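First up is the structure itself, then whatever we jot down about it.
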Amino acid sequence: MSQDSQHGKWTISDSEDEDNIIPPTPQKDSNKPSIKPDLERKPDTVTTFFKQERKLSPKRNEDTHSVKEPSAPSMGSEARKAAHVNQTLPVKYESHPSPSVKRKRETEEAGWNLSSSDDETPPPAPKKEPKKSDVSPKKKKTEDKRPPSPHGTSYYKEEPADFFETNLLSMNDMYRFYLNKVTGIPKKFNTGALHIKDILSPMFGTLKESVQFNYCFDIPWMVEQYPLEFRKMMLLWYEEGFRVIILTSNLIRADWYQKTQGMWMSPLYPRLPEGSPGTAGESPTNFKSDLLEYLEAYRAPELAEWIDRIKQHDLSETRVYLIGSTPGRYQGPAMEKWGHLRLRKLLSEHTKPVLNEERWHVLGQFSSIGSMGLDKTKWLAAEFQRTLTTLGKARKSLTSPETQMLLVYPSVENVRTSLEGYPAGGSLPYSIQTAQKQLWLHSYFHGWHADVTGRSNAMPHIKTYMRVSPDYTQLAWFLVTSANLSKAAWGALEKNNTQIMVRSYELGVLYLPSAFNMSTFPVEKNVFPASSSSKGFPVPFDLPPQHYSSKDQPWIWNIPYTQAPDTHGNIWVPS
């Protein structure tokens with residue numbers, strides 16, 4: 001299907017799976033420096049504890065409860081595998097098109113013919129050049145060395161010593177929700193935020209061992225974040241107990257430098273007395289058993305020791321609920337274990353209706369967007385909005401038309417004027433192939449503005465969802481998670497709503513006022529500098545959100561932006 005738009009003429013594939021789509025090489029403006037982004041950068045990740053994550057592509061079989069996994073975990077596509085292998089490669093290098101993308105011809109519009117067939121014959125491999133004896137291995141290695149940032153090797157600056165926390169006086173341990181530190185913003189907006197070096201420091205305990213679940217790692221950089229005496233192998237195991245951290249960042253330097261990220265850090269869990277029953281150490285939020293069930297879903301033998309350790313510790317002080325997703329098709333009671341039906345269940349059981357609740361807005365903020373269908377009734381304004389509008393058991397059978405859903409996603413201008421400039425868009429993988437099929441969705445969009453946290457120019461990789469009062473001063477609940485706005489992450493109902501299918505591993509924590517002996521959470525007006533005595537919830541961006549202007553467009557990562565340079569004088573020319 002061909003469509004003409006402000007972005008040129010595109011032939012759109014019917015495929016719902018975009019993992020194999022690699023964007024075109026548009027015309028370049030030779031008068032301006034350009035950034036050629038590596039558009040095979042990571043898809044949005046499952047950033048839970050810390051073992052390497054693999055996003056699985058379930059085999060279609062609607063009559064089974066689970067997903068059959070291959071013997072070696074699949075990343076979902078050849079493109080994702082390539083993305084993982086090439087994670088540290090610079091954006092200036094072009095990647096080879098996948099077999100499902102055929103170059104139509106080079107024109108001013110850079111038109112492409114995108115095939116929906118997975119059976120295309122791949123192009124012949126290029127002939128290998130014979131080895132030249134006069135090229136030394138050392139020289140070859142130097143030529144292939146690629147900078148850690150699209151801006152070049154000198155982009156990252158070492159943070160001064162006073163950038164990091166030296167004590168816990170400014171930490172608010174009521175909600176235990178923290179933002180990451182951001183380089184290049186005023187110091188007050190980092191006071192009480194955390195860098196990964198802070199998390200691993202002796203301030204929080206004498207670290208003995210850790211296990212790290214994540215999608216992308218930069219091992220040398222990661223090792224440097226540990227105190228010298230702790231560089232061993234982020235469940236974090238201390239001499240004093242153990243701690244869980246659930247976060248939205250990958251373990252690579254770029255994710256901790258100039259992006260907005262969020263995390264929940266648990267209390268330090270002490271060891272249970274010897275001989276305690278297996279049910280000991282559970283929290284009112286059932287966090288311990290939910291965490292164990294999530295870890296066991298990996299079916300990874302190397303986690304057995306950590307599962308045993310968790311069983312031996314007291315997690316009773318936990319005040320948040322765990323919301324996870326694991327790949328599979330689920331029926332019966334298992335439908336409410338994962339994804340948005342898990343969120344619906346908790347909101348039904350542990351919240352109460354509020355006065356004029358139809359006027360309380362549903363707000364979602366994310367860094368990537370999946371296929372929503374031909375119109376809002378296919379998923380977003382149907383099963384997903386029904387979940388997000390649930391408050392207690394006395395809910396209406398149908399979503400009230402008065403309940404507004406507000407979606408926060410960066411505009412092109414947000415990205416262009418950000419601290420990183422256009423390369424920040426490499427972590428916002430909304431593709432033209434998806435966007436052109438759901439133009440209806442863009443009317444929901446609000447820009448990224450975060451003056452309250454000093455992070456308006458630090459593009460979000462954090463994902464948050466919440467129910468907020470009409471005057472934006474109260475929250476009925478708040479969720480920080482790895483789950484973006486996609487059916488793959490949250491699950492989609494099938495078989496006349498008797499089955500839910502989830503495609504990826506995700507993890508987040510849900511804050512409910514009842515767990516804090518409150519009726520609602522007040523929204524904190526002065527997030528930074530952080531205060532240990534604050535009772536307000538630190539929403540990471542400005543409320544109310546600002547609707548896109550008539551000139552705003554959502555950031556789409558695989559089309560060119562050449563009309564205006566970014567904060568570093570670059571234009572954006574996808575490969």
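Placement of Cβ uses the backbone N, Cα and C atoms for every residue, glycine included.
Noted in TrEMBL for the protein shown:
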- H461: active site, proton donor/acceptor (ACT_SITE)
- K232, K463: substrate binding site (BINDING)
- 29-44: compositional bias 'Basic and acidic residues' (COMPBIAS)
- 51-68: compositional bias 'Basic and acidic residues' (COMPBIAS)
- 126-147: compositional bias 'Basic and acidic residues' (COMPBIAS)
- 1-157: region 'Disordered' (REGION)
- S486: site 'Interaction with DNA' (SITE)
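It is 12 Å from the Cα atom of K463 (substrate binding site) to that of S486 (site 'Interaction with DNA'). Long-range Cβ proximity for S486 (site 'Interaction with DNA'), meaning a same-chain Cβ under 8 A and a gap of 6 or more residues, is found for S368, I369, G370, S371.
Between H461 (active site, proton donor/acceptor) and K232 (substrate binding site), the C-alpha separation comes to 28 Å. The recorded positions examined here are K232, H461; by Cβ neighbour count within 10 Å, the least packed of them is K232.
Its Cβ placed at the centre, K463 (substrate binding site) has 25 other Cβ atoms within 10 Å.
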